[in-house]
Amino acid sequence: MDKRSFKVIVVGGSIAGLTLAHSLDLAGIDYIVLEKHSDPLATVGGSVGLLPNGWRILHQLGLRHQLEQEACPVKVAHMTYPDGFVFSDNFPAAIQERQVPEIQFPIGYMPANDERFGYSLSVLTRQQLIEVLYLGLRDKSKIKVGQRVIKIQHHQNRRGVSVFTESGQEHVGDLVAGADGVHSITRSQMWLQLGQKLDAEKERRQLVAEYSCVFGISSPLKGIPPGEQLIACHDNATVLAFPGKDAHIGWGLIQKLNRPCNSPATTQSSDGETALIMAKSAAGLGLCKDLKFHDLWVNTPKYSFTILEEGLFQIWHHGRIMTPNMAQGANTAIEGAAALANTLRRISQIDKPSEDDINRLLQGYTVRQQKRLRAVHAISRSVTRVHARQGRIKKIIGRYVYPYTPGAALHTFSRIIAPAPCLDYVPMPFPGPGWTRALVSGWSPISGVLLLVIPIIALVYGYSVINFGRDSINN
């Protein structure tokens, strides 16, 4: 099949959607992106963190240099505790740099000089990342703004699918890829078409919320300089702070809900009153020496509130509709887009692909990505609960185990990141030996990860799992 005769309709101009657009363009596949906002650069969300798995794909897309102008590399991470104890770890620098000291790892193997990935752990705003992705597109006319999708319909007597928008337009393509967040119209339409084959209510219940979050960007504060990450752990609450290059601080206040909830009606809130109540209750929480949450709050002109949902949908595709789980943070959104592009390229290479061809290849994608995301999902749950000191065991692990296992973060982080997918039809950069080691030794995302993974990843995925923006929450 001529790749340009195969057309993909991407729903959502999110981080995932724009990454997929770049990837399809490099594959020679025709596409359009339907974005509901009238401005493709609409300011939505707070800070995001780029990890090596996200960096590598963006490097393949030719965007590394532009992003390095915007992103602030993190060199050290600080964790603070209610008793005043502070633990600092320079593993963020060690992930990129070549000088890693020999360390005796108390639970076994800890390689010292083969786990760096050549990319920094970096912080930037979601707005900056979206701008780099959008402005880097070769053909911006393919981004259709003001196109809120209301219906997706498979063609009965011919190949393809139609997407209808609120403005009355119909867009025709061969396959629809949803990159429109957790509360996705693409997913809803897929569930509707599955009908009795799917217990939609059971699938919706895959998302459960136990925590809420207020997030924003504060003006600079003395004591939280660029290049440093701060995680303040308190009972049932956590404050995360990530200064950018301009010293403005992306932050998030995460608090445990009184009871879990999974109703969509209660999980799409932007309730300013609730945010104010949360902020007032947390005003006295210590961040670091001489700084409290109140100092961040009074220096933040704009903030948002959301419920943090956790879960992994089981059904990702039906017919010519694909809704990968692209809502686990910027890095897994980027991963998912690249892995989906690999699959769509294979479909486009088939002469007149049948429904069976499409289903077979999309199912293969689903199985591979679900296996990886199950590990990420398990880690993300643990991260939130260790940070919030939920229960005696997690308090002990976070306060008394993690700080005394030097090198553990570097080792475990490497095992999580190294097997990450990237574009398989674009030259693969190997800027650090960690990537090569993964291919040679066959690391898996969870091999060798014992109880220590909980506090270890608490620092690492403080950036990635809780990205305070549209890709990690909703569209």
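Residue positions begin at 1 at the first shown residue.
Yeah, the Cβs are placed from backbone N, Cα and C, and that goes for glycine too.
Annotated features in Swiss-Prot:
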- Glu35, Gly49, Arg126, Ala330: FAD binding site (BINDING)
- Asn236: N-linked glycosylation site (CARBOHYD)
- 1-23: signal peptide (SIGNAL)
- 446-466: transmembrane segment (TRANSMEM)
Beyond the flanks of the signal peptide (1-23) by 6 or more, those residues with Cβ under 8 Å of it: 29-37, 40, 48, 57-58, 61, 63, 126, 129-130, 133-134, 136-137, 142-143, 145, 149, 161, 163, 171-181, 184-186, 326, 330, 333-334, 336-338, 340-341, 344-345, 347-353, 423, 469-471, 475
In which DSSP state, out of helix, strand and coil, do we find Ala330 (FAD binding site)? helix
To the nearest whole angstrom, what is the C-alpha distance linking Ala330 (FAD binding site) and the residue listed as 'N-linked glycosylation site'? 25
DSSP says Arg126 (FAD binding site), in three-state terms, is helix
For Asn236 (N-linked glycosylation site) and Arg126 (FAD binding site), determine the Cα separation and express it in whole Å. 27
Greatest Cα separation in angstrom, residues Glu35, Gly49, Arg126, Ala330 binding FAD per the record, works out to 23
Just counting, how many other CB atoms are there within 10 A of the CB of Arg126 (FAD binding site)? 23
Within 10 A of the CB of Ala330 (FAD binding site), the number of other CB atoms across every chain shown is 28
